[in-house]
Amino acid sequence: MPSLLFTCFLVQLLIHLVNTFGAATINNLLWNLYNMLPTPTSQSAGEQKKLKREYMKVRQEMNATSSQDEFAKWAKLRRQHDKLYDQLEKSKSSLDSTKSTFDTSVSTLRWLGTNGLRMLLQFWFSKQAMFWLPKGWFPYYAEWLLSFPRAPLGSISIQAWTLACAAVILLVSDALVAVVALVLGARTGVQGQKAKKMEEPMKAGGQGTEKAGKKEL
């Protein structure tokens, strides 16, 4: 059953990615992508971004204006600031309600497509052998554990295969993270050495100038 083997591996990989990046991060990414499409909330999201830019611009200008020396200008900016703030809060409240519903729907679909699908596969194919072990290579208790709970004795059950996939994915993920950290650390070290080499001639030149000045004195 190569297709079932690959399906189990893919589901476990998706679960690992969700756990690694976090559900909130994925929800925010999907929400931003959703608002880029011609959806009912895309216009509201665009207006909110526009209001936010105007609000920040007015706020910066108001903070840069003295309320004592330029009171008339400051008061006008203050009224604009308060008006934009109220509009921004109303827009944010409306979008937050929609986003909450969106997050709930996405979280439900994500669970059904990952953990729910994994549980369904493990239940539906619990009596089916993923593949068979070479006869006589493993003791009875090992064959029993690998076929647990309901697969034929001497075979690999879907539960055992799922655990093996999870272990391999975790090991590969940790190895990739370690390699990336090592490469970034090596680059940082090389850049630090280059910076030190550039500083040494500058220090030497500065010391030479100081000595020359002392001799002249």
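Heads up, residue numbers simply count up from 1 along the chain you see.
Heads up, the Cβ atoms here are built off N, Cα and C, so glycines get one too.
For the ranges 34-56, 195-217, the feature annotated in Swiss-Prot as region 'Disordered' maps to 195-217. Swiss-Prot assigns LEU4 and GLY154 to the same side of the membrane. Within its own chain, the transmembrane segment (5-24) has Cβ neighbours under 8 Å at 107, 110, 113-115, 117-118, 121, 130-131, 158, 161-162, 165-166, 169-170, 173, counting only residues six or more beyond its boundaries. Within the topological domain 'Cytoplasmic' (25-110), the DSSP-based counts of helix, strand and coil residues read 74 helix, 0 strand, 12 coil. For the topological domain 'Lumenal' (132-155), the residues of the chain that approach it from at least six positions outside its boundaries are 126, judged by C-beta separation under 8 angstroms.
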